[in-house]
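Single-structure report; data block below.
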Amino acid sequence: MKTVAIAGATGAVGAQMLECLKERKIPVNIKLLASARSKGKIIDGLVVEELKEDSFDGVDYVLGACENDVTKKWMPWAQKAGCVVVDNSSAFRLEDDVPLVVPEINAQDIQNNQGIIANPNCSTIIALVACDALKKEFGIKRMVVTTMQAVSGAGVKGIHDLETQIIDPNAPREAFPYQIAFNLIPQIGDFDDLGISKEEWKMQNEGRKIWHDPDLLVNCTCVRVPVLRSHSESITLECEKEVDVEKAREVLKSALGVQLKDDPQNKVYPMPLDTTNQDDVFVGRIRKDITDPEGKTLSLFCCGDQIRKGAATNAVQILEKLLEQN
Ligand SMILES: NC(=O)c1ccc[n+]([C@@H]2O[C@H](COP(=O)([O-])OP(=O)(O)OC[C@H]3O[C@@H](n4cnc5c(N)ncnc54)[C@H](OP(=O)(O)O)[C@@H]3O)[C@@H](O)[C@H]2O)c1
């Protein structure tokens, strides 16, 4: 039986990876790795080990769930041990020899891996799963996106900030520069000279790579909101062809990983509480942009659990494909 190590097993994504491996009944041995702080902790009957140079001896696959700096440090050790790594950080996503994969969209790219496969950014995964069938139907030239990102996107510290500040707004902040309870913060990542944040660049840069479309244009605004889990996104698509709402609904009904929730008259639309702790991306509020005289612009709203489909589930789906190949 193959052995899978989860690097960062005590974090928000790592803990979810363990759950996904178990609920999908993937027949592998599991090894849990984290920092020295977590050494000896027991999760689901497994003892957490400190991530060290020899941690990957005898390991076949690594699911990476650490921040960039930590990932860059241990990656050479995993490579030396001959592991194939599916990594959640953004450390390697745009490297030429690293496939960036959403299995519903570009599973075939997994074959080109040289030992590292990257999981895309969580908001990018959710947006692209929501829009892939629409891209095939109408051709997407440009996307205007506003993300509303849950606090758990910043890991266990983000969850802690919201939970403590709801009780005491002056509780010490760990993850965010401002109070997040009863507030929202229009900054995720550092801004460049153009006033665009690192997180905001990801959807265009990663979207181009996943869709194999170097001309894709994305104008993105990322906002942190006081939601525990599941990102929401308001998306407007400028398309090559004239759009049709009924056709959009029809193609989304059969799109992989999507659930259509679009009956606004009856108050049916995607909401983050409803996508929490499940894998599908919900899509709704589909409407033509009436300000476009050519009728080529479509707006929608989508939600997805960014710890599941935006991170852990996507990585475990990639692992399943790797296991099928071997
Ligand atoms: N949260 C999300 O929604 C989300 C979505 C997509 C992608 N991601 C990405 O996934 C990665 C993990 O995010 P997260 O939200 O799960 O973060 P997190 O909750 O802060 O967890 C970080 C993990 O890294 C471990 N770690 C920290 N320093 C370490 C070290 N020196 N050696 C070994 N392990 C170390 C931590 O172990 P200790 O507990 O021992 O400190 C913990 O298990 C990040 O790259 C993030 O950008 C996150």
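Positions of Cβ are set from backbone N, Cα and C atoms, glycine also.
Taken from TrEMBL, the feature domain 'Semialdehyde dehydrogenase NAD-binding' applies to 3-113. Look at the domain 'Semialdehyde dehydrogenase NAD-binding' (3-113): DSSP puts its residues at 38 helix, 27 strand, 46 coil.
Reduced to three states, the DSSP call for Gln306 (NADP(+) binding site) is coil. Summarising the environment of Gln306 (NADP(+) binding site), the number of other Cβ atoms within 10 Å of its Cβ, over all protein chains shown, is 28. Annotated NADP(+) binding site per TrEMBL: Thr10, Gly11, Ala12, Val13, Arg37, Ser38, Ser152, Gly153, Gln306, in sequence order.
What TrEMBL records for Arg93 is phosphate binding site. With a cut-off of 8 Å between CB atoms and residues at least 6 apart in sequence, the same chain places Leu100, Ala118, Pro120, Asn121, Glu206, Lys209 near Arg93 (phosphate binding site), listed in sequence order.
The active site, acyl-thioester intermediate feature in TrEMBL is assigned to Cys122. Non-local contacts of Cys122 (active site, acyl-thioester intermediate) by the CB criterion (under 8 A, 6+ apart in sequence, same chain) comprise Gln149, Gly153, His231, Gln306, Ile307, Gly310, Ala311.
For Arg224 (substrate binding site), the Cβ neighbour count at a 10 Å cut-off comes to 27, with all displayed protein chains included. Per TrEMBL, the feature substrate binding site maps to Gln149, Arg224.
Here TrEMBL flags His231 as active site, proton acceptor. In the three-state DSSP reading, His231 (active site, proton acceptor) counts as strand.
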Contacting recorded positions for ligand 1, chosen from Arg93, Arg224, His231 when the Cβ sits under 6 angstroms of any of its atoms: none
Arithmetic mean of per-residue pLDDT over the domain 'Semialdehyde dehydrogenase NAD-binding' (3-113): 97
Assigned element (helix, strand, coil) containing Gln149 (substrate binding site), judged by DSSP: strand
Least Cβ-crowded entry, counting other Cβ within 10 Å, from the recorded positions listed as Arg37, His231: Arg37
Cβ neighbour count within 10 Å of Thr10 (NADP(+) binding site): 19
